[in-house]
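**Student:** Next up is a structure, given as structure tokens.
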Amino acid sequence: MDKIEVRGARTHNLKNINLVIPRDKLIVVTGLSGSGKSSLAFDTLYAEGQRRYVESLSAYARQFLSLMEKPDVDHIEGLSPAISIEQKSTSHNPRSTVGTITEIHDYLRLLFARVGEPRCPDHDVPLAAQTVSQMVDNVLSQPEGKRLMLLAPIIKERKGEHTKTLENLASQGYIRARIDGEVCDLSDPPKLELQKKHTIEVVVDRFKVRDDLTQRLAESFETALELSGGTAVVADMDDPKAEELLFSANFACPICGYSMRELEPRLFSFNNPAGACPTCDGLGVQQYFDPDRVIQNPELSLAGGAIRGWDRRNFYYFQMLKSLADHYKFDVEAPWGSLSANVHKVVLYGSGKENIEFKYMNDRGDTSIRRHPFEGVLHNMERRYKETESSAVREELAKFISNRPCASCEGTRLRREARHVYVENTPLPAISDMSIGHAMEFFNNLKLAGQRAKIAEKILKEIGDRLKFLVNVGLNYLTLSRSAETLSGGEAQRIRLASQIGAGLVGVMYVLDEPSIGLHQRDNERLLGTLIHLRDLGNTVIVVEHDEDAIRAADHVIDIGPGAGVHGGEVVAEGPLEAIMAVPESLTGQYMSGKRKIEVPKKRVPANPEKVLKLTGARGNNLKDVTLTLPVGLFTCITGVSGSGKSTLINDTLFPIAQRQLNGATIAEPAPYRDIQGLEHFDKVIDIDQSPIGRTPRSNPATYTGVFTPVRELFAGVPESRARGYTPGRFSFNVRGGRCEACQGDGVIKVEMHFLPDIYVPCDQCKGKRYNRETLEIKYKGKTIHEVLDMTIEEAREFFDAVPALARKLQTLMDVGLTYIRLGQSATTLSGGEAQRVKLARELSKRGTGQTLYILDEPTTGLHFADIQQLLDVLHKLRDQGNTIVVIEHNLDVIKTADWIVDLGPEGGSGGGEILVSGTPETVAECEASHTARFLKPML
């Protein structure tokens, strides 16, 4: 079998297509957003490959695996087991890190357990158990003729007169002892002070170094070790200042006796009680009530609400503050910022042991006086948070909680013992905090000696390979300790890709969803190299991708189209790239051959130097105290290689600041910055991302864009409705009244099947129409409410042409290119790109003030060249209304049409975090240091 044959595929919008796909090749599936690429790649090929493999397992094993639905296809042959690597961002488990997902951390644990050198945390001395022979050899390696004495420590730094101990030693026949550093006779020991700490060491043997001492020394060492419980000291008799040799037969620090269990891998796992830091349980952060969150506006007074819930409207807490003010002589009406530091301390952290006279008044107006310390606002919140049973109280208080690195482990997540084990003078946390590129260099240069090199050889090979794969997919800037929650979708996908290459499987079908998301052009070549490497191992690699370089690198291209949704679902062209370019109907072919292209604008909107938004001193993550200047009213692109700090600057700094000041959001927490100026030019900030518009089948484009409300009002206004007394609520499928109660307005009923995937069957009462019979008797222009919800946007636009409010909203959905989705299509079936465009349409349809700040993060994800053209038209339209648009983007077609570019770099991770250049695309293209400039220049 050298091909995969698909016959009669009808999944979702596929129109009964037949395909022959070559095996062991790199295949790119492309086409407009919503044309059916994912339906073919994921819902047909992957689903069937996975399902057939899972069917071969026992029924018992199958119940633990989520089963894919059987795709609607007549026949597929030549499939191999399938692995899909999707865009879903990784786990939301705070314990997952880049190191644990890639399994590098597991190999590091093994490495440290097998060849690590434990040291004493206080004295930085290696802990090592030595045999008597090793001790003897060490002493004999000293210069010949040197006078030494062997001591056995009996008492270390303990108070007391110790007369009994000294008498015992003398009776055992020992002649001398060293007491507090002085050698004296045991027949006449000095009187020791009771209240002072003393150290007593018995002299076991005195000798000059020479070769024939081996036997005598061995016996002396055995005696000394037995006396002292495992430690011995060898001191120079002629030079009291010379360094002494410490020997230990225990696995312990010879100075303080600090010892630890034998090293084992679980000691280095922060997800195991044996290795996790006991203070933060291996999370690396501690939660605390943050004074900056509690006092959000220092200009307000305590009475006016500087602390939420403690102002004059809250009688109980406010009378406590008034009593406190009388005691410490401050004014509750004065702005919080003007009160002294001591008052701040007392209000937030309490009065300590100092008693204060509190006046309490009950509901009847009787006052009582009680004296007790004040616990402090933060301690009060902490106590209520711990004690409360109510989730509402806990949710309210959670708004004031911040995270800070754990004080005990300094954010390394590991307990003290594990942090003090070294491989070549480097502890595990130091390796975890290196960037992947840096770590790879470290392991390449790591030279272990002797037996340890043999033990570590295989472990080091595994670590080295995995690091290399991560570097090859462009992730050299991530650190191994980076929490998985903070990774973007593209990063998470490429990590999974790297782990797959690490697995080295052969004969598998890999299905990937746009692996180039979030990758700069510079890193794209390495990613394609990785995909070709997977293919060369002997795998079939199927990639859903719009990226020009990927399409050019493919062995076989499948172009699905010609349109999207109902207009798509057919194979427009397939074969090598030349064959695609030769087909005039193929949009992809036309863009690839240059017959169509996204034009560089003739003139750009000039920046007005008077109107700028200026953010100074941004220092989040890897940002190096940067100052961002954005011209107001322009379309700005933020560019830079992956990991250079774009998301930190815009999503973690600018957006939360603007949210707090413009939208009044209290929980948005910006990354550290100094100052921001120019927000007065805006009235609101809106972030348009690719998250789903709703997570339930009840959410749909009609409800989200607000089209559904006027539609229901139209139906309620029909004469028949008025005669029956139907209100708009009658036509909602979310409330009782008009909906079908058998399926509660879902139109489908979920049937749980064990061993098989859950199936949704159309409701047999309403036949999937969501409404009851009486509601469906009402018609507007000959259509029922169900038929209206079933229309595509295009049909609905014609149908409601005479209703201006509706026509305008539907027109905006047409403008963003969503002509093909249905009004009532469940939000869960929309792709990320589609959800984003529904949000854009909702923004466009509002009557704009022209003072909005829009933030978009990689809006071209999932978009074909033709879709990008539409998106740009919409963004330029928003800009022409006077709005300011900030887009984080790698796509050069978008970058070249921007009015202004801010380029970060020069590299990713710690090598980035600076603004290299900002200005018009023409200015930026001339910058030598910028990687973006190199790729942008030929486009202009």
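From the backbone N, Cα and C atoms, a Cβ is placed for every residue, glycine too.
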**Student:** State the residue range annotated as zinc finger by Swiss-Prot; the candidates are 1-28, 253-280, 813-840, 869-896.
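**Tutor:** That would be 253-280, the stretch labelled zinc finger in Swiss-Prot.
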**Student:** Tell me the Cβ contacts of Gly640 (ATP binding site) under 8 Å, same chain only and six or more apart in sequence, or just say none.
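**Tutor:** For Gly640 (ATP binding site), the qualifying residues are His520, Lys646, Asp903, Leu904, Gly905, Gly912, Leu916, His931, Thr932.
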**Student:** Just counting, how many other CB atoms are there within 10 A of the CB of Lys37 (ATP binding site)?
**Tutor:** 28
**Student:** Taking DSSP states H, G and I as helix and E and B as strand, how many residues of the zinc finger (740-766) are helix, strand and coil?
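**Tutor:** Final tally across the stretch: 0 helix, 8 strand, 19 coil.
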**Student:** Take the zinc finger (253-280) and count its residues per DSSP category (helix H/G/I, strand E/B, coil), listing them in that order.
**Tutor:** 4 helix, 2 strand, 22 coil
**Student:** Pop the mean pLDDT for the domain 'ABC transporter 1' (310-587) in here, whole number is fine.
**Tutor:** 92
**Student:** Would you mind ranking the binding-site residues Ser33, Ser35, Ser642, Ser644 by how many other Cβ atoms sit within 10 Å of each Cβ and giving me the lowest?
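**Tutor:** It is Ser642 that, of the binding-site residues Ser33, Ser35, Ser642, Ser644, has the fewest other Cβ atoms within 10 Å.
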**Student:** List the same-chain residues at least 6 positions away in sequence whose Cβ sits under 8 Å from the Cβ of Gly31 (ATP binding site), in sequence order, or say none.
**Tutor:** Lys37, Asp559, Ile560, Gly561, Gly568, Val572, Leu587, Thr588, His864
